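Here is the structure we will look at.
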Amino acid sequence: MGPFCLGCSHRKCYSPIRNLISQETFKFHFKNLRYAIDRKDTFLCYEVTRKDCDSPVSLHHGVFKNKDNIHAEICFLYWFHDKVLKVLSPREEFKITWYMSWSPCFECAEQVLRFLATHHNLSLDIFSSRLYNIRDPENQQNLCRLVQEGAQVAAMDLYEFKKCWKKFVDNGGRRFRPWKKLLTNFRYQDSKLQEILRPCYIPVPSSSSSTLSNICLTKGLPETRFCVERRRVHLLSEEEFYSQFYNQRVKHLCYYHGVKPYLCYQLEQFNGQAPLKGCLLSEKGKQHAEILFLDKIRSMELSQVIITCYLTWSPCPNCAWQLAAFKRDRPDLILHIYTSRLYFHWKRPFQKGLCSLWQSGILVDVMDLPQFTDCWTNFVNPKRPFWPWKGLEIISRRTQRRLHRIKESWGLQDLVNDFGNLQLGPPMS
C-alpha cells in the first residue's frame, strides 16, 4: 500500500483527553517495568512546535489515550491533521515529540510511516516508557522503518520522565521522584531497543568500519542523555560535506533544516604509522560529537600525537570544558581544532568555553580554503578536486575576525599567539 494522508481518509475528529493527567495515572501507566501485562491502556503525551532557526515555537501540547479501539497514535494523527495541518501553512515545518507509555504496535507504526511519507514538513521524536511486544518480528521491523523514515525512537530516560512530569502531570508543584529501579529498567528497555534498531542504522562504505557502543556521562548539559549510541564512519558523501560544512551565516542554517554537528579527526603519531581518521556525528538530543571523540581517543591510550579536528560548529561550553580538561591531563598531545562556524558566539558562556580551550593549549581556528580542501581530500573524495562555493573565503575571513575579537575581549590574544608559535612535531632529540 502506498503513502496516503490518514487525516483525509477519516472524517471523525478526536480530541485530547486533557492537558494534564493525575500523578497516580502517570506513575501507574508510565512506570517502565520489564513486564507490565496489566497495563493495557496507552497514553501519549505530545508537544508540537513550529520549527524556527532561532528557537522552536511551542504550538500545542496535551495527552491522548486509546479510544473506541483506536490507538492513541492514530487519534493524534487525526487531530493533528484537522487542527494543525488544515489551519497553518503547508510550508510550515513542525517538530512533534511523543512521550508514550507503550511503543507503537506494528499497525500504528505502519500508519505513522505512511503519514510521515505524505507530510515531508514533519519530524517526529518518539520516547516510550516500555516496548510493546518486542519479540514480534513485525513490531521490530516497523520500529526500524520508523527510524529509516527519519523518526527518532528512544526509550524514556530520567530526563524524559522529569520533563513529562513537569509538563503533562498535575504535579501540584512537586518534583518528580524516580521510582525504584527506574534507571535499571531504562537500561533494559534501551538495550532491547538498540538490539532491534541496530540492523536499520545507515550503512557506511565497505572500506570503513562502524562501531556501536554505549557511553555513560557523569555530568553535562540538561539535555544530555545518560546512555547513548555512537556511530563512527570514515567518509562523508559529497552532498553531506557541501550541506554540513557550508560556512554561511547562522540565520540561514538551523538544525531543523538538516544542519548537523559533524567532527572529522585525523591522528598523526610520531612513530611513523599511517594517520588514523574518522568522522563522528551528533544526533539531536543525544551525545555531542566532541564527547564521542574524547571517548574514542581515551580508549586508544595515546601520548605523543598530533590531532587535527574539523568541526561544522564550534564546541558548546560543556564540550569545550571537557576538551580542555582532557588536554590539560595530556600536555604532550597537540590538538588543533578548525571550525566552519561559531556556535552562539555572542553568548558569554560559549565565549568562555572557547577561552578554556585556548587556556588549555588547544589551538582553535576558523576553517579557510586550505582547511576545507584538506577536509575534502581526507574525508570525502581524494580523487576529485574540491570546488569552493561562492563567498567561502569572504565568510571565513569574517568568522576569523569574529573569533579574533573574542580572543581580544577576554585578553587572550598574546596567549594564543604563543601557542601558535609552538613547534608542531616530535620533540628534538
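Cβ atoms here come from the backbone N, Cα and C positions, even for glycine.
When HIS288, HIS336, HIS345 are compared with the Zn(2+) site residues HIS71, CYS105, CYS108, CYS316, CYS319 in Swiss-Prot, the one appearing in that site is HIS288. HIS288 (Zn(2+) binding site) sits 30 Å from GLU73 (active site, proton donor), counting Cα to Cα. Taking CYS105, CYS108, CYS319 as the binding-site residues under consideration, the smallest Cα distance to GLU73 (active site, proton donor) is found for CYS108. In the three-state DSSP scheme, GLU73 (active site, proton donor) falls into the helix class.
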